[in-house]
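Taken from Swiss-Prot as is:
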MOD_RES   Ser90  phosphoserine
MOD_RES   Ser105  phosphoserine
MOD_RES   Thr107  phosphothreonine
DOMAIN    128-424  domain 'Protein kinase'
BINDING   Leu134, Gly135, Gln136, Gly137, Ala138, Tyr139, Gly140, Lys141, Val142, Lys157  ATP binding site
REGION    170-193  region 'Disordered'
COMPBIAS  172-182  compositional bias 'Basic and acidic residues'
ACT_SITE  Asp277  active site, proton acceptor
MOD_RES   Ser321  phosphoserine
DOMAIN    445-524  domain 'AGC-kinase C-terminal'
MOD_RES   Thr490  phosphothreonine
MOD_RES   Ser513  phosphoserine
Amino acid sequence: MIFSLDEELHRVSLDDKKNDIKVDYSSAIYNDINHEQGSSITYEESINHLSVHSNAIPLNGMSPAHRMRRRSSAYSKFPILTPPNTRRFSITGSDAMRTNTNRLSITPQDIISSNIGENELSRNLHDFKPVRVLGQGAYGKVLLVKDVNTSKLYAMKQLRKAEILISQTATDSKREDEDKNDGNNNDNDDGLSKRLERTFAERSILSEIEHPNIVKLFYSFHDNSKLYLLLQYIPGGELFYHLKEHGTLDETTVSFYAAEISCALRFLHTKGVVYRDLKPENCLLNQRGHLVLTDFGLSKKSANDSAVDEEDPENVNALYSIIGTPEYCAPEILLGKAYSQNCDWYSLGCLLYDMLVGKPPYTGSNHKVIINKIQQNKQGPKIPFYLSEGMKDILNALLKKETAKRWNVDKYWAKTGANNKPTKSKKKKSGAARTSLFTEHFIFRKIDWKLLESGQLQKTTLGPIVPVITDLELAENFDTEFTSMSYEETYTDSKPININSVSKSPDMFKGFSYKASGSYLEKYF
């Protein structure tokens with residue numbers, strides 16, 4: 001940042017008692033924003049540009065910038081407390097899952113028999129130079145790295161093999177034994193198969209799909225101790241970061257991002273993929289202010305793409321794993337019932353509620369507390385009075401706890417040959433499922449769906465929140481909790497891990513390596 005020395009000295013005052021230096025940082029930051037934007041906008045105009053909701057819930061007299069920071073991202077099964085805009089943790093398969101060998105669509109043998117030749121792919125850890133840490137998950141960190149040959153920037157997601165291969169703890173095993181499993185006994189091999197399947201899920205899904213609102217995968221490889229995914233670097237940071245800094249968002253902004261998220265979810269569902277972990281932490285903003293979904297570690301892909309596989313109960317039409325982030329999980333997931341891709345639309349309702357109100361509809365110390373709140377609240381979550389009727393309507397339609405009454409967005413997405421016939425307007429029965437078209441809802445009246453689904457809207461327009469980016473390598477829109485971390489310990493060739501699981505199946509990670517085509521790489525660089 002460039003400031004005049006006289007201006008800096010003018011803002012400095014000395015406290016004779018404590019010998020402390022006081023600086024008006026808020027003014028410095030505000031002036032820097034104006035400097036980067038090249039305009040002389042007022043402070044009020046800059047706040048409006050960030051799309052802060054005019055009716056935001058007051059935060060005990062504190063400005064949005066002073067909201068409670070997220071807790072440490074160290075792995076935790078359930079958060080102890082979930083105040084507004086505090087980072088939520090996902091429930092992984094080892095935390096709570098219904099293990100059943102008949103429900104697996106990928107086995108270790110399938111992984112080993114992958115037709116990708118490891119030796120044909122030349123990328124390795126030494127091809128990339130670490131710049132800074134962007135985030136941290138249950139299995140490892142996400143680093144911003146630079147290609148030493150081309151200087152291109154990537155987001156490198158690291159997954160520790162030991163976390164995947166080591167057997168579950170006694171507590172986890174006991175918890176699983178208490179789950180109903182249709183008469184089948186759980187064992188470590190089943191749990192390992194499930195963890196391996198989910199490890200390969202993100203690599204497999206991202207290597208097969210391409211959508212403007214979904215992060216891109218360029219390379220993947222592994223060494224003795226870790227798996228690496230080289231992903232598209234999205235410099236605008238997490239939606240969580242912007243919510244934390246600026247409070248709630250206005251309805252126009254929420255409607256725009258709701259359209260982009262739903263467009264990505266609809267695309268995934270047509271490809272037989274259920275996302276299962278929609279939350280602000282997994283939504284990134286690119287340089288133009290458009291939203292991009294990331295982190296597909298908990299996603300599930302049908303064995304037969306979008307086709308229904310009746311022999312595999314855990315396909316897109318019948319999933320069983322208790323997985324995701326409790327505050328955004330559909331009730332049927334938390335209750336351990338069978339569920340389908342419709343669970344993603346409930347999560348969308350939770351995310352919209354969070355953006356508008358400042359917290360998810362239901363919070364609690366664990367998933368049992370949350371499900372109790374959902375069951376006790378027969379009328380659904382309380383919708384704030386200040387929201388428009390259109391926004392109240394879509395929230396009520398998406399947040400139905402009964403799947404039969406929830407809006408089946410995939411079925412009623414847009415006009416097709418089957419539903420293109422005009423229908424007589426009938427009064428909807430109380431509690432009946434919504435049958436109107438999703439894309440024609442009132443809150444989307446300003447959205448050009450053809451441009452959005454084709455990707456042209458993302459290329460030709462700016463989103464409601466355009467991140468301030470002065471240097472891509474600074475990662476200015478990522479939390480300093482992460483960017484201040486050291487990457488030295490995580491960016492070295494580790495010694496081979498020595499656990500029994502490795503000796504039993506030394507090639508179970510074979511086939512993980514991947515390299516995108518040259519034309520694909522040129523398209524995005």
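The backbone N, Cα and C atoms fix where each Cβ goes, glycine too.
Keep in mind that what you see is a predicted model, and the values were worked out from it rather than measured.
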Cα separation, the residue listed as 'active site, proton acceptor' to Gln136 (ATP binding site) (Å, whole number):
16
To the nearest whole angstrom, what is the C-alpha distance linking Ala138 (ATP binding site) and Ser90 (phosphoserine)?
9
Using Cα coordinates, what distance in whole Å links Asp277 (active site, proton acceptor) and Val142 (ATP binding site)?
17
Cα of Leu134 (ATP binding site) to Cα of Ser513 (phosphoserine): how many Å, rounded?
23
Around the Cβ of Ser90 (phosphoserine), the count of other Cβ atoms that are within 10 Å:
23
In whole Å, how far is Ser513 (phosphoserine) from Ser90 (phosphoserine) when you measure between their Cα atoms?
26
Within a 10 Å radius of its Cβ, which of these recorded positions (Gln136, Ser321, Ser513) has the fewest neighbouring Cβ atoms?
Gln136
